Amino acid sequence: DKAPLSKSLLLVPSAISILLTLLFQHYQKFFTYNLQAVKEDFQIWRLVCGRTICLDLKDTFCSSLLIYNFRIFERRYGSRKFSSFLLGAWMLSALFDLLLVEITQYIFGITINSLPSGFLGPVFALFVPFYSSIPRVQVTQVLGHFSITNKSLVYILGLQLLTSGSYIWILALSGLLSGICYNSSILKVHRILCVPRWVAKIFSWTLEPVFSSAEPTNEVRVGMGATVDIQRQQRMELLDRQIMMSQVAQMRRQRQQQGGMINWNRLFPPLRHRHNANYQDHRPSEQGIPPPTEVSEEQVARLMEMGFSRGDALEALRASNNDLNVATNFLLQH
């Protein structure tokens, strides 16, 4: 939704790459990123073909997943500004490719005649705004020390793409440099390399109806998530909590049907007023209080996930002899 350019970049180059790999392999030579032909024979068309379509299906898969995750920028900035960023990053990364190849040959004596093909420079350039503007939300922890966030999968995909070829590090470095130059407004690049307004209107009239998608009507935004993915994660957490609450309510009804209405106030002291002075005056003496029951931390965590405080969860579990259902029913009714 609201990302027709990302959808077109996801579908069209991927389809052409698959067709070239499976059916039209004899046409792959026209899409190789041959720097020697560009520099010596001035075949500028190879820049367009070689820096648009991937000839390796692994690169196609990884770059498509990254474009899918980076669609958030088109939703945030609009299609025209997003396309301007891609155009500027594409042109700057082409220049940086040539410079890095010359620097590598001058320093290390390595002659590089061709680079991996595909829309890789702008994809790596999108990591710059992704790192600086997308909030980092922790999802879980591995071994208690390594944090897994909502951005970890994107970085893993970028690392996989980076290690897929021998000279792809040149494309990655040129893409990052172009993203930094465009995102930091060095030399006013964002004003020079931008899509004109009339071109954006033409594409919005012709191509946007083909690749646009209707806004999903069965999804309701929940919370204050900064992105659609975070909002969906919040929605799933809310749904899990509602399912848990409905299961607890069902167990409570079954218990009431079997044994009648349970007087919880008779079984437990009121937890909400445990700090009340009147209640403290009527407490039994410490000599008549049995030793506290050991409470399972896992059951305490489950009650806290349902929204109860740790103190209420501990007292309810101790009073119910670690019966999670009884403790939950009491906390829901009080």
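Cβ atoms are placed via backbone N, Cα and C, with glycine included.
Just so it is clear, the model here is predicted, and its values are computed rather than measured.
Annotation source TrEMBL lists domain 'UBA' at 294-334. Here TrEMBL flags 6-24, 85-108, 114-132, 153-177 as transmembrane segment.
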The transmembrane segment (153-177) and the transmembrane segment (85-108) contact flag, 3+ Cβ pairs under 8 angstroms: yes
Residues of the domain 'UBA' (294-334) by DSSP state, where helix covers H, G and I: 29 helix, 0 strand, 12 coil
PLDDT averaged over every residue in the domain 'UBA' (294-334): 77
